[in-house]
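J.: Quick one: the structure is below, questions incoming.
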Amino acid sequence: MQNHDLESIKQAALIEYEVREQGSSIVLDSNISKEPLEFIIGTNQIIAGLEKAVLKAQIGEWEEVVIAPEEAYGVYESSYLQEVPRDQFEGIELEKGMSVFGQTEDNQTIQAIIKDFSATHVMVDYNHPLAGKTLAFRFKVLGFREVSEEEILASHHGGGTGCCGGHGGHGGKKGGGCGCSCSHG
């Protein structure tokens, strides 16, 4: 076992992975046979449950881990549903399940899903698309590398709340994936 200490590590991990909802055969996201996912350990660039599993894994061996919602994208919160006036979506051809993007008061990009709509109102869901889901990951650690102080600082200011860590966009991710398949609805 690797048994790395989260607080003392200044390394990036490189992994291949695929993820399914537990009990399903449908792959939600995968980078197998593509560019590895690289993330800086301890900077919330991926979900907590997967990071913990990576730190315990043997390099070069396929591992499997089931991650509860609390260690993934959180439990589904009905309070994250919001009804807004339809005119806020003027010029947009709405479809149930489509992803839309907006900005928070502090200018962070946020993804939401159109749950339902009428002629006057739209029901928007701000939960992550995988909130409330138990996820089954199959992954292989390809290796670790030392990271510079600049990379660590950049991860905290640019991509530290990315898709896998903070329910936002794909900031700071290398390889175009992060294990969450944010584009699905």
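In case you wondered, yes, glycine gets a Cβ from its N, Cα and C as well.
Checked Swiss-Prot, it gives:
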- 1-74: region 'PPIase first part' (REGION)
- 1-99: domain 'PPIase FKBP-type' (DOMAIN)
- 81-125: region 'IF-chaperone' (REGION)
- 134-156: region 'PPIase second part' (REGION)
- C163, C164, C178: Ni(2+) binding site (BINDING)
J.: Sort out the residues at least 6 away from either end of the region 'PPIase second part' (134-156), same chain, that have Cβ-Cβ distances under 8 Å to it, and list them.
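T.: The answer is 2, 10-23, 28, 36, 40, 43, 45, 49-50, 53-54, 57-69, 72, 172, 179.
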J.: Helix, strand, coil residue numbers for the region 'PPIase second part' (134-156) per DSSP?
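T.: DSSP classes over the region 'PPIase second part' (134-156) add up to 8 helix, 12 strand, 3 coil.
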J.: Mean pLDDT for the domain 'PPIase FKBP-type' (1-99), rounded to an integer?
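T.: The predicted confidence over the domain 'PPIase FKBP-type' (1-99), as a mean pLDDT, is 92.
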J.: With DSSP as the yardstick, break the domain 'PPIase FKBP-type' (1-99) down into helix, strand and coil residue counts.
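T.: Breakdown, helix to coil: 19 helix, 32 strand, 48 coil.
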